[in-house]
Amino acid sequence: MVLQALLFGIGTALPLVAGAAVGIYRPPPGRWVGALLAFASGSLLTGLAFELFEPAFRTAGPVRTALALFAGTGLYVAVKYRVGTGGADGRALLAAVVFDGLAENVTLGVALVGGPAGEPLAILVGVAANNLPEAIAGADEMSESGRSPVRTLVLWTATAGGLAGAVVVGYVAFAGVGETILALVRATGGGAVLASLAVEIMPDAYDSGGPSVAFATAAGLLVTFVLV
């Protein structure tokens, strides 16, 4: 139902606002940011495997599901090449959050559409855990570049609201489609999120926290595996 999609959207948005506030007023050491990103990586891996790919595989079969998975991965990579990274300042980090967040949140909304993936808690935990450190880092960079705290917080709050809406859009747009199409859309979204893990989240976690982030990744996978 739309209300559930809205609640899940709010669940992904609140960490962005909280992270921005922390980044502005009391940014933590980089290793903690890396640990949170790594935890999110493990959580998303569980969600992708059990809440997106496995149900899609059962419904659409191995060949079509594999093609959809690689299509989602290829789409993400193509857009990433087109958009670029734009550097490492606060605005670039915000742009990266918006780009990755659209893929993750729309996919979360799709995963909410009935079937065995009707309660994608692992994806929710992963997206929320990823949003917190991304917002911390981005807001911290904006503060250091001289942007006022109020403007920074308003900007991140607006971003959070838009990404929360993306969950609802993902749900509403695919609520009435057939099971096979829905399965392929899930696999495509899973491929895009998997690409964001490989290209953005995991490398950022390692850069911020070093090899020890592997433990946080394992913790994220374990916690969300218990949830699903």
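From the backbone N, Cα and C atoms, a Cβ is placed for every residue, glycine too.
Noted in TrEMBL for the protein shown:
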| type | residues | note |
| --- | --- | --- |
| TRANSMEM | 35-53 | transmembrane segment |
| TRANSMEM | 65-83 | transmembrane segment |
| TRANSMEM | 153-174 | transmembrane segment |
| TRANSMEM | 181-202 | transmembrane segment |
| TRANSMEM | 208-227 | transmembrane segment |
Beyond the flanks of the transmembrane segment (208-227) by at least 6 residues, Cβ under 8 Å: 30-47, 50, 121-122, 125-126, 129, 133, 137, 202
Tertiary contacts of the transmembrane segment (35-53), as residues 6+ beyond its ends and Cβ separation under 8 Å: 65, 69, 104, 107, 111, 117, 120-130, 132-134, 186-187, 189-190, 193-194, 197, 201-202, 204-206, 208-209, 212-225, 227-228
